[in-house]
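**Student:** The NADP(+) binding site annotation in TrEMBL covers B:L9, B:G10, B:A11, B:G12, B:T13, B:V14, B:G15, B:A16. As annotated by TrEMBL, NADPH binding site applies to B:K106. The L-homoserine binding site annotation in TrEMBL covers B:E191. Annotation comment: TrEMBL describes B:K206 as active site, proton donor. Residues or ranges marked as domain 'ACT' by TrEMBL: B:356-432.
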2 protein chains.
Amino acid sequence: MKSIKVGLLGAGTVGAGTFNILKRNQEEISRRAGHKIEIVMVADLDLARAKELVGSAECEVVNDGNLVVNHPDIEIVVELIGGYGIAKDLVLKAIANGKHVVTANKALLAVHGDEIFKAAQDKGVMVAYEAAVAGGIPIIKALREGLTANRIEWIAGIINGTTNFILSEMRDKGLDFDTVLKEAQRLGYAEADPTFDIEGVDAAHKATLMASIAFGIPVQFDKAHIEGITKLEAIDIRYAEQLGYRIKLLGIAKRTPQGIELRVHPTLIPAKRLIANVEGAMNAVVVQGDAVGATLYYGKGAGAEPTGSAVIADLVDIARLADADPAHRVPHLAFQPNAMSALPILPISEVTTSYYLRLHVSDKLGVLANVTSILAESTISVDAMLQKEPELGESQTDIIILTHQTQEKNVEAAISKIEALPTVHGKVTKIRLEHLS
Amino acid sequence: MKSIKVGLLGAGTVGAGTFNILKRNQEEISRRAGHKIEIVMVADLDLARAKELVGSAECEVVNDGNLVVNHPDIEIVVELIGGYGIAKDLVLKAIANGKHVVTANKALLAVHGDEIFKAAQDKGVMVAYEAAVAGGIPIIKALREGLTANRIEWIAGIINGTTNFILSEMRDKGLDFDTVLKEAQRLGYAEADPTFDIEGVDAAHKATLMASIAFGIPVQFDKAHIEGITKLEAIDIRYAEQLGYRIKLLGIAKRTPQGIELRVHPTLIPAKRLIANVEGAMNAVVVQGDAVGATLYYGKGAGAEPTGSAVIADLVDIARLADADPAHRVPHLAFQPNAMSALPILPISEVTTSYYLRLHVSDKLGVLANVTSILAESTISVDAMLQKEPELGESQTDIIILTHQTQEKNVEAAISKIEALPTVHGKVTKIRLEHLS
């Protein structure tokens, strides 16, 4: 049985997961792959960490990633460093040296993917990235290979476990964002600096990659519209619940005749949808194809072994095709490089969706009439409305409006007019709503 | 762009779905595949049906499948005839002629898979069967390729839409099996002769295939334990609900140190599990891997275009690898043919699971003590119990017992003793229960 030699860049959480699974399931994996997949070198700046991981295994430990990417026997380099700096440098060097690359680095690919895939294409090597989106769920494989018959219409995913954990807790316990974030940090579900997660950046990296392979467009992270969950209030989660909806941070990629919508934001979805019931740190992605209809993929989106599982699936794929003609391989972005689409990413003002609006108003006759006439003027039709009784002793109350589908710019214009009404107090809260049907 | 010529055996529902998707999405599919995939011949005994399907397209129509499998230009034969007879004959002829095969025929593969895969292996051609399990859901790809890092522990799937539709309706409307079956037939969710579906045979075909690729064992449909839903009573669905469970027809394949459990039967599952909320004719499969944990795959398990979607995904895979070295391809049953496992399929008496038991008893002192002491003697521990008040004027009532995990033979022995009690009337209803955690 041929042995495929692998070099590992980064001995952190996912590096350890990958290393340990390969050790534990060596025989099972070889029985599938027909090759022995062997990590022969691990590089980490923290040499002690790498040494501890490797233990007594026959595997070199170094603190310079260049030794991995320049190693003559290594056929596949696994990049688990993260970020745009040294990771990019080493990935490009590995490619230049004719090595295949497996990476979990969504940030790198969402921003520099075109450059990296082009380099790999020119050199005739593979860059695999199943671990970059939704951890252990084989969603890249499903999109690139399982659904090739379909014209993909849209994708909507819970693709960040931290924010889904926070939203689940906010709903379950009726707590505010800040309180739950602290709890999530204590439990290890959120990092010390959680910005990338809670501001939606991580989800946008993943949505960017999914949009590319669904629609055959170049990666365009800079055009994604990104809103996190930091401004979400517990009261809106409660109102949504009363109206039969849950609020989830969704990564959405949708094809329209005008272009592609690519956006990450808190979203109301009907509580009866399967994906609305994905709780805690779990991930799920719904893909709507014209032939297959909706399919859903669910599992752990992060963690050492779930992500390591995806890394190794890529290693097995590459082991199989390492010495095959490049034409026998799946294109990096699902579509042949000469058959990509030039469909533009739409600005958020051009996006079409439904909306949840919360207005804080004086409890006076005529307020509702004023609001609804503004909506009518903006050709926004109302799907449902909820007016709360004022609290005892209060003269103000909340009105919740769910709209039918309309363009974002219409809603923005209407909100400006509504906020100018003397009977409407403060800002209007706007959350997008998707029926996912 | 190279054109790959395909011959279609069968112009029924799935044949039509496949043909129509390929026509509609020709460009999108070619942009992915890098090849044009072209159906050049359709065979159906009902020539008129085939002609109607093909319409004005450039494609030969014949009533003899031999013309397809012997056609010199055809590289891939798609078998959508079904059954064991002519389908088997034509598949083997196609293989003998060096053609790759795509089939949706779960019955054929679950029974004759080893013979067919062996023939394909010897001839160096591929037999692909994504459409044979769970329709449009790419579950074969997930198992064979997406989860290769994992030692699969178990699989549990709702893999028959007809029975899931019937069970959903029985629960929703509180109706009996016979009533709902008639409705399902009227709506087209059940066939005129629904035996294969409602007796669990179809689900067992699919579970057999999934067990093989999960554990690397030969296909052994004859060893599967199969129970359908025909004996399921509405009252048990109601009691299950009260205890926090749903009843689903599951196909289960589980690895144990003693061997593989392979079984299809109605199963109580906790209502809070995502798969418990899969309603109507939808399919879903949960796969538990040691590294990735649980992943779930959901979508339409039948129908023209969902199944056609899976057929075409296989066509694209084959188009890519048609002229590759066989070593570059994924093994038919996920594991290399020389690395299959000899783990036996366990008889149902050796299966370990939890149980729901319903006893109809006299409402007398001591009945419960008698029953629980029999369970204790059989080392069956009780997880939950529900004793109903007798209906007004009745002297008999129901006791529901949920057990902890135990071997089937223990439960069978205990049931015999319980049924012999003078205070227990009629048969004990036994339904297996899985926590899926």
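Cβ from N, Cα, C; glycine included.
Automated prediction, rather than curation, is the source of TrEMBL annotations.
Please go over these features one by one and say how buried each is and what sits next to it.
**Tutor:** Other Cβ atoms within 10 Å of the Cβ of B:L9 (NADP(+) binding site) number 27 in total over all chains.
A helical conformation is recorded for B:K106 (NADPH binding site) in the three-state DSSP classification. Around the Cβ of B:K106 (NADPH binding site), 26 further Cβ atoms fall within 10 Å across all displayed protein chains.
DSSP classifies B:E191 (L-homoserine binding site) as coil under the three-state reduction.
A helical conformation is recorded for B:K206 (active site, proton donor) in the three-state DSSP classification.
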**Student:** Cα-Cα, whole number of Å: B:A16 (NADP(+) binding site) versus B:K206 (active site, proton donor)?
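**Tutor:** Rounded to a whole number, the Cα-Cα distance is 22 Å.
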**Student:** According to DSSP, which kind of secondary structure is B:L9 (NADP(+) binding site) found in, if we only use helix, strand and coil?
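**Tutor:** Its secondary structure by DSSP: strand.
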**Student:** Applying a 10 Å Cβ distance cut-off over all chains shown, what neighbour count does B:A16 (NADP(+) binding site) have?
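**Tutor:** Counting Cβ neighbours of B:A16 (NADP(+) binding site) within 10 Å gives 21.
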**Student:** Cβ-Cβ under 8 Å from B:G15 (NADP(+) binding site), same chain, 6 or more residues apart: which ones?
**Tutor:** B:L8, B:L9, B:V42, B:D44, B:L53, B:V78, B:L80
**Student:** DSSP-wise, what's the residue breakdown of the domain 'ACT' (B:356-432) into helix, strand and coil?
**Tutor:** 23 helix, 32 strand, 22 coil
**Student:** Rounded to the nearest Å, what's the C-alpha distance separating B:G10 (NADP(+) binding site) and B:K106 (NADPH binding site)? Just drop the number here, would you?
**Tutor:** 15
**Student:** Please report how many Å separate the Cα atom of B:T13 (NADP(+) binding site) from that of B:E191 (L-homoserine binding site), as a whole number.
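**Tutor:** Distance between the two Cα atoms comes out at 13 Å.
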**Student:** Which chain-mates of B:K206 (active site, proton donor) that are at least 6 residues away have a CB under 8 A from its CB, listed by sequence?
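**Tutor:** Expected: B:K106, B:A110, B:A132, B:V133, B:A134, B:G157, B:I159, B:N160, B:G251.
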